[in-house]
């Protein structure tokens, strides 16, 4: 009753008092009515006034927020975050940060996870129940004063809030009533991994309103039995709910029923339906449920609800239960009032932009429902409606499964984080984070310690980390294979990859400079060679030692070296080597990110230690001075090994050193001996090292010897000596790392000269040879003769110790020539004539002969013995038959039979007769003749060429040695000796005469007389002689040579002049220049006789000198023509010309090329052949030139003939010679075909032909008719 009374009062008031318009509340939405509605409803609820809190302020962040986001306050425990970038596209990181590690069962509006997800909002499938009415039909749904009219709804919702006539509405008549908006999007089932359709149920918990424009006390809509109009529409995807209060039972006052959005009012003036109250708040619970199962979503459902279109003064309060945070824009029109986000100012929001607007916020929460209370905190401003815009457009941002994070903490396998030098770094490495589709979702860059920043938030799941670098070379590392990490919600997964740092290996290969890898013997090894490697990059040092030889190589490898540049120095050389390893530099450089180990190598050599030994030869009495007639300079020494050895040059102890062994020994002094006569046996040393001592220094020196033990021993003594049996040992041994050549102590070999034991038996003879007796005290003196160096030796006769007889004397004479004279005789007795003792060795047979003669030239010996020489041989001398003994190092003496001398009584002196003889010969010194111009021609033996008929034939290009000898063959000494030589035939003179007397070179005074070294005239005693040597130059003039040598002298006592002369003739070998040329095909022809003497076809099967023997050729086929020219004479030829001339046919031989010893020849302007340097070709006897040309193909029936001619000139004789040769070739003519004549059968043949022709025409006609008939049938 009370309620009805109050309604009546309200109605009365409305009819009694009219209000033309509402006053302006704000420039936005407003409610306009003609009457002031003052409604005090029983049981109305009052509102508690709230204090105005301070504006939003920045507070300390309680979260780790993405850059650009700031926590500005809290509602309950939920942070309020203001973003500086209002674009939805930038908010995903903020969503992820607020969601944290929440583990929801469902995610509302998840457009990221799974497939087919839809944002929550009004979409094409969204619908309301069929009971909802359209605004355009509102009038038809009014019933008296019940329900709002079209005009009232239009002006309450449509003008400012964008509602259209087609939008739908419905009424809520009591608390707790619900309505549903179906298919508003999807929810992602995180367990089933799929999206399901969802709808929303709105439960109205309550609503308040003002009953008049002057009222400040809100009343309960439902308590006053009024209804709440709910209008729903799609506002750009937002679910927009508009609320008005239908004051059922109170009629609409009529004209002027308000408008929205600042209109001026002025309705139709027609009053329909109920009056509209002024809404103050709407309280609702919105629950999300699955459209497919009609079940509510779980309470842990994650959602992001956008609340927009919050008009000025409205407080959009949502429950804080499960809220993770609120997001507001910057700038914002919202402030926190009484723990509620409330719009400031006087603006009305009528749309929702594509970015977060100043009158909107987003609530992220975990729940299946939320409490939503929209209240106008500005109080009664005559507002016509409350608008709630929920969810809707948020661009690409979406709630999604809680994120996790990845960070990388990288090390290296070898060095951990302690990288060895500046060639390694982490900073240029990044890891791309790839999702399950391979899409890159983040990149983590490492810092210098190998750590990355934490990734952005990532949905839980497995991710692939793909290592990348824009500059791998600076990292010093290899790339890791892609690896997978699992991200868990809210957790940070730390990946700790270990990369392989690129390291290097340096291999040092060592070899000998000469031996390479093959060591000569056990004294050499490269094992133990030590190196120091120094890094120029970081200064660290490393040691490397070469081990045992492996696979033929000596090397050491240093592994696990950091990248960088290294210097390599040898610090210790191995046995047998010196340190000649040159300092090396090796750089280990980064190759690529797939190569874990890079390689460097250094090669070097060490010089092998080698050595040398010098052996000094000397006489054991006189040193290096000549002793007797002994010859030290022809001593020969062989070298032997004194150890066993393997290696590249193996040997056994006692083996001879060989020239070919490794290393090859080098001769330092002396001459190489290839063969020798040893103990009468010819011995070939071949490759064995045997050295003849140097003539001047008397040394044998051998170098380039490998380390080891050796000895040398004399194998052949010089003339007059026995071999030294001593083994001269020496060892070549490394001293230090620097000394390459070891000079061993000099060896000394002392020679024993052969001595001759001479025994004399001196007797004094009675007159008329009546008898005699030995006589003591007689003195003989042995004086060395020319060529023998020794002190005189005295013999003094005494008692023979063996027989007791007087007149005995014995002495040893050095090997040589001696004159033994009686220097102290017996008065009244003649001294015996001098005796000449001569010792000589036949070096070809190793036979030593000693003889005694009364002649100074040792002719006609009266005593003689021979001895065999053994040298170093262990066998007897094969030439020793008839010898009286062997001369050995143990028995180095020879002897003569006792010389018995008799002193006869003095006889009258024989008159002195001066006489002189001269002989001239070649090569060997001639024997003396009769002299004094009495000798017959050619009296001096085989080399005496006194006449042209006996002239010596000499090589024309060689000089000839001329020997001479003039002898005092009288009984008087001669002086004033002169010699002259005169050319009597030819134009070439004998030159360079040298004259020698007793080993001393003679000269002449201004008169041309021979003088001795002291300037005195030479006095030539009886039987003494002077020898001469000269040289006849080559007889290049080709003429006979003759010259006459004349000697003159004067008797010292008689003053008589004497003289003699001798002729000598020589002639050049007769030159026989000759040249041959041959021409052939297929292969090079053999040479013939030449000089135009050859018969046709003399050079074999390919020689075709005549047309009858012409070579049968294939038609039009090229033929190679071969020619050979040969010097088949005895004289070199030059000025050689070759001419090829066609003598038959019209085709020439072309492209003729000549070669000499494989090298091409040229032709000078005179047509003469020259070598490549332009010099005239000199073709020596036996040498050839070869030519090759081509004969182009001949046509059938053609004949070709050509002649090649050659000519040349002897280089010495100037004689011209020549030769020529022909060659023929032909092609057979083509055969003409023979046509056999048919028998003339006359008409019969004609009839046959015509018959065949008629039959053929009939066959063609029949075939044509058949084809036409066949075609017609086919057409039918």
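Even glycines carry a Cβ here, placed using N, Cα and C.
Unlike curated entries, TrEMBL annotations are predicted automatically.
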Requested in this report: Could you check which of 1229-1248, 1249-1268 is flagged in TrEMBL as transmembrane segment?
Outcome: 1249-1268
Report task. Sort out the residues at least 6 away from either end of the compositional bias 'Polar residues' (894-907), same chain, that have Cβ-Cβ distances under 8 Å to it, and list them. Result -> 754-765, 767, 772, 775, 778, 820, 822, 825-826, 828-832, 835, 837, 839, 848, 850-852, 863-865, 867, 885, 887
Query raised in the report: In the compositional bias 'Basic and acidic residues' (917-948), how many residues does DSSP call helix, how many strand, and how many coil?
Result: 1 helix, 6 strand, 25 coil
Query raised in the report: So which residues does the region 'Disordered' (609-628) touch in its own chain, when a touch means Cβ under 8 Å and the partner is 6 or more beyond its ends?
Result: 576-578, 635, 637, 663, 668-669, 693, 698-707, 710, 712, 720-721, 728, 730, 732-735, 739-744, 746-753, 784, 788-790, 813-816
Query raised in the report: Taking a Cβ cut-off under 8 Å, which residues six or more beyond the ends of the compositional bias 'Basic and acidic residues' (917-948) line up next to it in the same chain?
Result: 857, 960-967, 969, 979, 985, 1025, 1027, 1040, 1042, 1045-1047, 1058-1067
Report summary line: For the compositional bias 'Polar residues' (867-880), the distant same-chain contacts (Cβ-Cβ under 8 Å, at least six residues beyond its ends) come to 678-681, 713-717, 722-723, 725, 841, 845-850, 886-888, 894
